[in-house]
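Quick notes on the structure that follows.
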Amino acid sequence: MINTANGMISTPSSSANAQSPGLKTYFKTPEGRYKLHYEKTYPSGLLHYSHGKTVTQVTLAHLKEKPAPSTPTASSSSFTGSSGVKSAAARWLGAGNGSRALSFVGGNGSSKSVSSAGRIGSLGSSSPSNSMTNTNFDGKGTYLIFNVSDSIFISDLNSQDKDPIKSIHFSNSNPICHAFDQDAKNGHDLLIGLNSGDVYSVSLRQQLQDVGKKLVGAQHYNKDGSVNNSSRCTSIAWIPGGDGAFVVAHADGNMYIYEKNKDGAGDSSFPVIKDQTQFSVAHARYSKSNPIARWHVCQGSINSIAFSSDGACLATVGRDGYLRVFDHSKEQLVCGGKSYYGALLCCAWSMDGKYILTGGEDDLVQVWSMEDRKVVAWGEGHNSWVSGVAFDSYWSSPNSDGTGETVMYRFGSVGQDTQLLLWDLEMDEIVVPLRRCPPGGSPTYSSGYPPGGSPTFSTGSQSSHWDNVCPLGTLQPAPSIQDVPKISPLVAHRVHTEPLSGLIFTPESVLTVCRQGHIKVWMRPSGAESQSSNSETVSSSKDKPLVSNTLGSTSHKQ
């Protein structure tokens, strides 16, 4: 149970997600308190031997009312905590059925008769004669899809019940990544990538309607690793506006593009990669082949991929420490650069497509500008690897006058240090002066200093990093850490007892997930709370400048 009288969590030792008594059930921001509303997890009896072999990722999926049989399947929205990617259609959340996205009165109409302990022996589709329909499912709602060990769990976000309403067991491999299509037109809207390299597409609605113990109506791709010798799936994404096309990234440095409307067993063969260090694209030889293309991106694993909201650009981060941004339609490298240390683990786009966040083994959060094609800010605050980043597109500055002249971004990051960090970044105050600053000169600000009252640099010097925009198709080395503005977190809060793996922003909450499969829903401040708490939180935030004039040493995890 959760005892909120003193703001601390007290849970029974037998609970599947027992919490440390030192964890608070809220954290403060200038706009008010974010409060822990409830938690989601898997049934405690389902801890399999392979539990420690996978990292839990979470996908948020919103299903609208089921359409009439003569019309295509309703469009829906999704965003995934693993990469921070958020579709523009996520604005449907809270508006699909005329109610708030997280109105916690009742559930989604799903029956609890589905056994969450169900196991399946094979991954084939169930036959119509054996398929049972859940008559209590009304075809709409908001759901959490997350993987733990060798199972996929589906939870009703609008219910305060911790346990999932559906589980799907994979007998021969572990699910690693998943994605939900915001514009599915023929029913298949959910992708699942496995440790074996196999990929499945299914209808989420159909899985919820069926009370069986296995995938229903699944399309199988890369069966038994026929395409890529069973290289592990690492990240998966639908192509925005791609009419059913999707991309699967693998641990061997390759990405494959599939079309869900083609046979998943279609023959595909690609030429041998001559130079593993060079980016290359190969297309399938036959029109019926699936996958239709292979992109060789890097040596070593691709750890995460993310599309810009318009689908024009694709960002990847990998084991080699590089962010790479591609023009998807032209199949060309646009820009990229290296981390300060180690691998990059996660990336996310701003909704306007102007900035990209990355995080990784150097414990830093970096902000990349698509206009400048380089790093424009870096954030220090985590004590271990950064495992998830995301922009909060639903947040607006409390002091905004609505003119839109100054662009302020709020974003979040989570790490293996169990912390959630929130950051505020006023890009006009950082990027514009740096673009105008002459080589060897010091940045100047129209207001004297950026928000927070401190200059950006402690040295007052500047290198060629800011001389001009990086050429197209260039991978940049990591710039000197003294040449890039440092930002400090607005909030640092320990939210779990286990290392974190992702976060998602919704119109009314922030979701955090740990590697072990426990999810927490933090409700945003209400209007009344924001006004009453501004006096105490805003004053304290003035003591912590947004842009620091001290450049501390980076803590690396060896």
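Every residue gets a Cβ built from N, Cα and C, even glycine.
Per TrEMBL, the range carrying the annotation region 'Disordered' out of 1-24, 145-168, 217-240 is 1-24.
Taken together, the residues in the repeat 'WD' (337-378) have a mean pLDDT of 95 on the 0 to 100 scale. Broken down with DSSP, the repeat 'WD' (337-378) shows 0 helix, 25 strand, 17 coil.
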